[in-house]
Amino acid sequence: MTQSSNQTKDRVQRLGKVAVLMGGVAAERDVSLRSGAEVLKALKSEGVDAVGCDVTSVAQLVEIAQKYDRAFIALHGRWGEDGGVQAVLDSLALPYTGSGMTASALAMDKLRTKWLWKGVGLPTPAFIVVSPSRPLDVETFDLTFPVIVKPSHEGSSIGMRKVDTLDALQEAVDFAQQYDSEILIEQWITGREFTCAVLDGEALPMIQLKTDHDFYDFDAKYQSNTTEYLCPCGLEIAEEKRIQALVLQAFDAVGARHWGRVDLMLDDQNQPWLIEINTVPGMTDHSLVPMAAKAVDLSFSKLVLKLISLTLP
């Protein structure tokens, strides 16, 4: 047995029993179950003693902390990705993958993430906020159409719509408010769409997304077979490195750790615009972080093993 395989075997033993947390109570429950199933299969293929856990309550987390040595969080959306689960696991002293409570809560909040990025001088599209205390006022609306309307606290593009006219704006806001009381109306950026994964402090190769939809929506992410993923992304090496450095700044500003993904646009003048950050990216067969990892010869199972290993002291 080689030294490398000995080290892997030792690491697997040190991991102990791993709970893969999936499902949850958010609108992204089905996606989470798919991510969790893939993660569980990968961990088992690497010899890890892992069990899938469909969690929907704090009581379940308390029970899990008594039975397992660490957790792989494959929960997407509210509670699982917004700091709720992370806070409980912190209180139970159970190590887990991904960002801590504060960074998770911030990253899940698109509005406050944008305020933070703007405050530290990072580029993000202009926006306005609609909430119960700030109703939409078409008389003072000063963004240029088109715009994109999105719930502040949802993922997977749930509740999002592109709007081309003032007449259609209220309908899009009403639709988004089915998912969240706080709505973001953001300036539409015409250009190319990219995503950049971050793994253990390093930016992975960027991916350019091409879709025949208006934007990279839920269907384009999880169901469409026409979405194109370009990796290499088509940028010059120096340009990609420049944007990767920006991505790391955005990731660090939020206080994220272990892994994540930053989505951005590159406009017609090659100006990058930060859109959002995901601290528990999808891990399905359509997902982007595994695709970027593959570009640096990191298989899905090795990626998952690396992530859970980041919970070791």
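Every residue gets a Cβ built from N, Cα and C, even glycine.
So that you can see what the record holds, here are the features copied from Swiss-Prot:
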type	residues	note
DOMAIN	114-309	domain 'ATP-grasp'
BINDING	142-195	ATP binding site
BINDING	Asp263, Glu276	Mg(2+) 1 binding site
BINDING	Glu276, Asn278	Mg(2+) 2 binding site
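Structural mapping of features recorded in Swiss-Prot.
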| residue | record | Cβ within 10 Å |
| --- | --- | --- |
| Asp142 | ATP binding site | 6 |
| Val149 | ATP binding site | 25 |
| Val163 | ATP binding site | 20 |
| Gln170 | ATP binding site | 15 |
| Gln177 | ATP binding site | 17 |
| Leu184 | ATP binding site | 25 |
| Gly191 | ATP binding site | 16 |
| Asp263 | Mg(2+) 1 binding site | 19 |
| Glu276 | Mg(2+) 1 binding site | 23 |
| Asn278 | Mg(2+) 2 binding site | 22 |
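The distance from the Cα of Val163 (ATP binding site) to the Cα of Asn278 (Mg(2+) 2 binding site) comes to 24 Å. Per Cα geometry, Glu276 is the residue among the binding-site residues Asp263, Glu276, Asn278 nearest to Gln170 (ATP binding site). Here the Cα atom of Leu184 (ATP binding site) is found 17 Å from that of Asn278 (Mg(2+) 2 binding site). Nearest in space to Val149 (ATP binding site), taking C-alpha to C-alpha distance over the binding-site residues Asp263, Glu276, Asn278, is Glu276.
Separation of the C-alpha atoms of Gly191 (ATP binding site) and Asp263 (Mg(2+) 1 binding site): 13 Å, rounded to the nearest whole number. Mean model confidence of the domain 'ATP-grasp' (114-309) amounts to 92 (pLDDT, 0 to 100 scale).
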